[in-house]
Each structure stands twice: as structure tokens, then as C-alpha cells.
Amino acid sequence: MTTVRQRRVGKGTEVAEDQPSEKNVKPDGKILADHTGRKLWNILSITVGGIVAISLGLLTSVYVATLHENDLWFSNIKEVEREISFRTECGLYYSYYKQMIQAASIQQGLHGLVYDNKTESVRTINILERMNVYQEVFLSILYRILPIQQYLEPVYFYIYTLFGLQAVYVIALYVTSWLLSGTWLSGLLAACWYITNRIDTTRVEFTIPLRENWALPFFAVQIAAITYLLRTHLQPVQERLTLMAVFIATFLFSLTWQFNQFMMLIQALALFILDCFDMLPTAKVTWLYIIQISGLLLVCVLQFFNSMILGSLLLSFNASVLIARTIQKNLKKGGLFNRLGKLILHVLLVLCLTLLINKFIKKILNLESDEHIFKFLKAKFGFGATRDFDANLYLCEEAFGLLPLNTFSRLSDTLLFYVYVFVLFLTTVAAVIVAFRNLSGSNQVQFIKKKEECAITLKPDAAYNLIHTVLFGCLALSTMRMKYLWTSHMCVFASFGLCSTEVWKLILKCVHLHTSQRTHVIKYSMPIITLLYISYKFWPGIMDELSELREFYDPDTVELMNWIKSNTPNTAVFAGSMQLLAGVKLCTGRTLTNHPHYEDKNLRERTKQIYQIYAKRSPEDVYRILRSFGTDYVILEDSICYERRHSRGCRLRDLLDIANGHIMDGLGENEPDLKTSLYPRFCEEIKKNLPSYTIHFTRVFQNKTFHVYKLAKHK
């Protein structure tokens, strides 16, 4: 049926619809020449854009490597100082790379990881099952088989690999922005924002072996692949290759970070929301659910059926969505209120199934690996106060607190935050309108007629990235440590909006100034102006930063590590803080009682017991606890015993007092049921050399920071 609608005529800049355009009267040869010219231009643009992407990636790698060298003088310091620079859990992860390198053979190195009895005393654990260290295994094997030992030290092979992954990270962000906007200028802006906001987008230069520095580049690649997958009119071969790329990136991301399941759960929620509002192709969403499940299960097999993976909410949620879909087959049919009712029922069904399946799995397998995370979340969001030591340990760490407000002022200095909020507002409004339109019944003829006149649309790839940035933004606002997942994507999303034809077309149409020429001028001029501003304001600062030279200096820790290596047997067992013991294992190879990889219930209980050295306990109690874990030496740190970094109530000694039911030190309120301890604080009283202490503990080393005591071996 033919319909008639009002003709839209521009102000002399656009050709009327019923008039023959120049293209229609050109000879065939001229049309072919134009087509060939456009094709050559596209090839040239892709080539230049690709070269710029690779160049920026490599420059970022060199940049962070130079900052690392300048900050520590890494090339000039001793090996023990290099290893001490890998603080806390970073040192623990790197120790397994070192262990594999020093093993007599690859087979012996792998055997030592599978049957490890030095990471946790009086226990044999499987490191490959407990921790995500396959990257260290792979890298150590690669170092052993490549002919590079004479030219490159193992530590440099390791850190250069991590800095090299930053190139992959930046290229993936660049490509995602390019795919969304259609111009590589957007990718250039995203990469520049990532670099100039380095303080808030990455911490790779000072926490090199941290799991997120391995995982986030693969996560960025996965997002780029999903963005491409959600484009319309893909050929079947392109779709299959893209799905393979998504699977590989998902698998590598899951393999390299223990918190993968929580990040992918948020991603699955984004897919679920968009699918409910009919903003993504259902078939592609199903494939992405299946890829998440299969990737995680493959990692589960490689990690010897790690219980934390089997009991993950992600597996339960994805399975629930697929089951609920099977039950509710007509979910996307009907009018507005009919669909809203079905949608509410669908959400409730998925939620109930997720909880039931997850509870069932954990009950059957007796899983408790991640219970500390849920205790932390419950306390963090105000569902009751807790005296749980593990939950409070997280709550009192700044990294797990709310995102500081000064983050936004730093992001605003580069104009990133302003542009991001502007783009986020426009795309959110567009998403709400499109979602309402979809729910209202898009199969009606009258609606289709109106839709043709409507300027507001949101492509599936843009819709996914919108929900992705909103959900990860909420995560970052609630937990500062997770901001790196959001701020890097913020660069992508802001640059996409600034270079998007659809965004500027919508704005210009709203103010009745739209022409295609004007849209293109703004689309390219705005990012160029922004890039010029960033270059002018931040280039001198970057140059100053690169010229600033510092040096690693921690003589007390170096002295401690050298003393341990020289004066204790190789089989000695050391107790102390988690952070310090990771360094002890790396620098000396001695056996530990506890360590910073906290995703195990037995280890958490063990750590709480070891930390009684900083509580108000009798020397007999502390001695009995330490000897139960085979401890030969205990290291006490003044920085913990007399801690001032945290406020009262969040110092480690306060957390122990609360957990033990004792009144905290210092002025301030205490809960009414807390009682005065019968004993003084162990870490303070032991230094007085009283007979009740010296009968069990003999001081064998001390400096300004550390005190080492040897435990007597009573029969």
C-alpha cells in the first residue's frame, strides 16, 4: 500500500526526494570510478588508522616501562631489591614464575606447583588449582625454550611482557571506539585520554604482576569483539570468526584473574537487560551466554575443578536465563502492559532460579570459598554491622571503599568526564525511548510509520556499550579498586560520542540546524580541538614526568631478607603479615604460614589465627597457635603493631580486638558488650623480654622496622 508523507526539504543544501540527483545522471563509468575511489579511500583510512593504533599501543608500552625504570632505577638495583619492589600479592605470583625458571626441568617445576608444601606450612596444596598463575607457567616455559637467556634476564622478560600487554589494551580500546563511531579519530582520542588519565586508568607500572594487569587487556579485546559482533549485516563467516575471537578473549580473561566471574556476571546482566528490552539480537545474546559458560568451565577444568568457579553466580545466572527462556517462549509478543507483565515475571523467574541453582551447587559441593565476599558486600551496603574479621579487613581498606571525589576532578581536567556525562545523558535518553518503543509493539503498521519519521535510534553495539559503562560505573563508584574497569571504558565511550554521526545529528535536529555537511564538520572538528587541548595542556607534564628520576630505597626490608637467607635453614617456616610473607617467599624461598591470596576459607581462618601476634593474647596462646602451623620464626612489624595509617576501629589491632571481644586501645567509644582483655598486646609486651615470653620466644634479629623471634621447640 502506497502512503504519502510530508516532504522534508533542507535549506538549499539537500536535494529534494523527487528530483534526480547528480549520481543518477552520471554515466556508468563515472559511478564505477566513484565506487573505486571510495574503496581506495576506505583502504587508505583503515591502513592509516591501523598504523596509528599500533603506534599508540607501542608508545604506551614504552611510556609505562620508562616510568617504572625512572621510579625505581630498576636496571641498577640488586636482585633482592627488584623482588621486594613486587609488593604484597604481586611478589607471591612472581615467586611461582621464579620457581619455574629455577626448576631443574619443566616437569619438575610443574610438579612443584601441583604438590606445593612451601606456600602454606603443614599443608600440600595445588597452586594451579588455587591461584590463577597459568600465565607465569606459560611465560617461564617460553623463557626456557627461547634462545634469549644470554640477552634478557628472567625478570625483564616478565615485566616487558606485561608492558607489552598494555599495547594490546590500548589497541583494543582504540578499535572499540573506532567500531562505534566509524572513524579512527575516535580511537586516537580514546587512546590519548587513556594515557593522560593514567593515574585513574591503570596502575601497571607499580603493581606489575597483579592479576588485573594480565586480565584487563583480554577483557578489552573481548569488548571490542562483542562490539563488532553486534553490528548488523555481518556475513556468516565474519560472525563465526568474531564468536571465536570472543571465546578466546573470554577464556584468557577468565584464566588470568580470580575475580573474572564477578566481572562477567555484570556483563551477563548487561546482556540480560538489553535482551529484555529487545535491543539486541536474541540469537547473538544466547551465543554470548554460552561462550561465558564454556569459557569459565574450561578454566575450571584447567584449575582442577576449582570450587569457587563451580559455585559462581555467573554459571547459575546464565543457566537460569536459558532455562527461563525455554519456559517463557512468547516473552516478546503483545502490547505494552502485556509485555511488562511478562518481563517482571521473567526477571523474578531468573532471579529465583539463579539463587536456587547456586544454593544447590554450594550445598552439594560444600563450597565456602567466596563467602567472605558476600559478608563484605552485606556489611558494605548497610545490611547490618559485622564483627567478622575478614569482612572488616576489606571494609577498612581504602581500595574497597567508595570512589573518592577527587577522581572526577582529575578526569575533568582532561575534559573526559564532561564529555562522558554529556554522551551518557544523550545515549541514555535515546535508550529509554527505544526501549519504550520496543515494548509498545514494534510490529504495528502505524508504529512503523512513526518510527520512520523518528530520528532517535540506538544501534545494538552502542546500546551494549552504554549498559556496560553504566553497570561498571556503579561498580567503580561503590568499590575504588574496580575503577580501572570503568575509567578505561569511559575513554572509549566519551570518544565515541564526540565522533558519532548519530549523536551530532540528533543534537542538530533538536535545534533545527541539521545538515549532513554541518554534522560532518562538527564530528571531525570537536575531537581535533579536544586533542589539541590535551596536547597543549598535558604534553609538558608528561615530558617532566619522564625526566623525573627516583630510586628504590627500602634498606630495612633488604636487610631482613638478606638475614633470612644467610641465617635460617631452607626448611624454616615463617609467620607474619600476609603482605610481608609474600616477599619472604619470593626473596628467600622459605616456607610460609599464610599469604595474600585470600580466596580460601582455611587460609582465612589460618591468617586470623596467625594475626593474634598483634592481639591481646597470652604468650602461651600465641606460642601454641604458631607451633600448630609449624612456625619456626615469627616476624613482627612496628608499622602494624603501632599502626597510625588507619583511624581507630580500622587498625589491624582494632579488628582483632573486636573479633576477640576486647575493648580497643585509645580514646573513643566501644560497643557495650566488649570486655577488657586479661593480657596486654603481644607485639608490644614481647619486646620487654619478660620470662613468660623468653621461655617461648628468642629475638634473633631486629632493625628499625622488623623484629624476628625464634620459637622454642618444647617437647
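Cβ atoms are placed via backbone N, Cα and C, with glycine included.
Automatic, uncurated: that is what TrEMBL annotation is.
Taken from TrEMBL, the feature compositional bias 'Basic residues' covers 1-10.
Residues or ranges marked as region 'Disordered' in TrEMBL: 1-29.
Per TrEMBL, compositional bias 'Basic and acidic residues' is recorded for 20-29.
Residues or ranges marked as transmembrane segment in TrEMBL: 40-65 (among others).
Remote same-chain residues near the transmembrane segment (178-196) are listed as 45-46, 48-49, 52-53, 56-57, 60, 63, 170, 202, 224, 227-228, 231, 414, 416, 461-462, 465, 488, 491-492, 494-496, 498-501, 523-524, 527-528, 530-531, 534-535, 538, 542 (criterion: CB distance under 8 Å, separation of at least six residues from the stretch ends). Per TrEMBL, the feature transmembrane segment maps to 178-196 (among others).
TrEMBL lists 216-234 (among others) with the feature transmembrane segment.
Marked as transmembrane segment by TrEMBL: 241-257 (among others).
Distant neighbours of the transmembrane segment (263-280): 219, 230, 250, 253-254, 257, 288-289, 292, 296, 312-314, 317-318, 321, 332, 343, 346-347, 350, 431, 434-435, 438-439, 442, 458, 460, 463-464, 467-468, 471-472, 475, 485; these residues of the same chain sit at least 6 beyond its ends, with a Cβ under 8 Å from one of its Cβ atoms. Taken from TrEMBL, the feature transmembrane segment covers 263-280 (among others).
TrEMBL lists 311-328 (among others) with the feature transmembrane segment.
The transmembrane segment annotation in TrEMBL covers 340-361 (among others).
Residues or ranges marked as transmembrane segment by TrEMBL: 415-440 (among others).
Sequence annotations record features per position, and here TrEMBL assigns transmembrane segment to 461-480 (among others).
The transmembrane segment annotation in TrEMBL covers 486-508 (among others). Long-range contacts of the transmembrane segment (486-508) within the same chain: residues 169, 173, 176-177, 180-183, 185-187, 189-191, 193-194, 197, 200-202, 216, 220, 223, 411, 416-417, 419-420, 422-424, 426-427, 430, 455-457, 459, 462, 465-466, 468-469, 472-473, 475-476, 514-515, 518-520, 522-524, 526-527, 530, each at least 6 residues beyond the stretch ends and with a Cβ under 8 Å from a Cβ of the stretch.
Per TrEMBL, the feature transmembrane segment maps to 520-539 (among others). Within its own chain, the transmembrane segment (520-539) has Cβ neighbours under 8 Å at 183, 185-186, 188-189, 192-193, 196, 413-415, 419, 495, 498-501, 504, 508, counting only residues six or more beyond its boundaries.
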Within-chain partners of the transmembrane segment (461-480) [C-beta distance under 8 Å, separation at least 6 from its ends]: 176, 179-180, 223, 226-228, 230-231, 266-267, 269-271, 273-274, 279-280, 380-381, 398-404, 424, 427-428, 431, 434, 486-487, 489-490, 492-493, 496, 500, 502
Positions whose Cβ lies under 8 angstroms from the transmembrane segment (216-234), at least six residues beyond its ends: 165-166, 168-169, 172-173, 175-176, 179-180, 242-243, 245-246, 249-250, 252-253, 256, 263, 280-281, 284, 288, 459-461, 464-465, 468, 484-485, 488-489
Beyond the flanks of the transmembrane segment (40-65) by 6 or more, those residues with Cβ under 8 Å of it: 159-160, 163-164, 166-171, 174-175, 178, 184, 187-188, 191-192, 194-195, 198, 202, 204-205, 542, 546
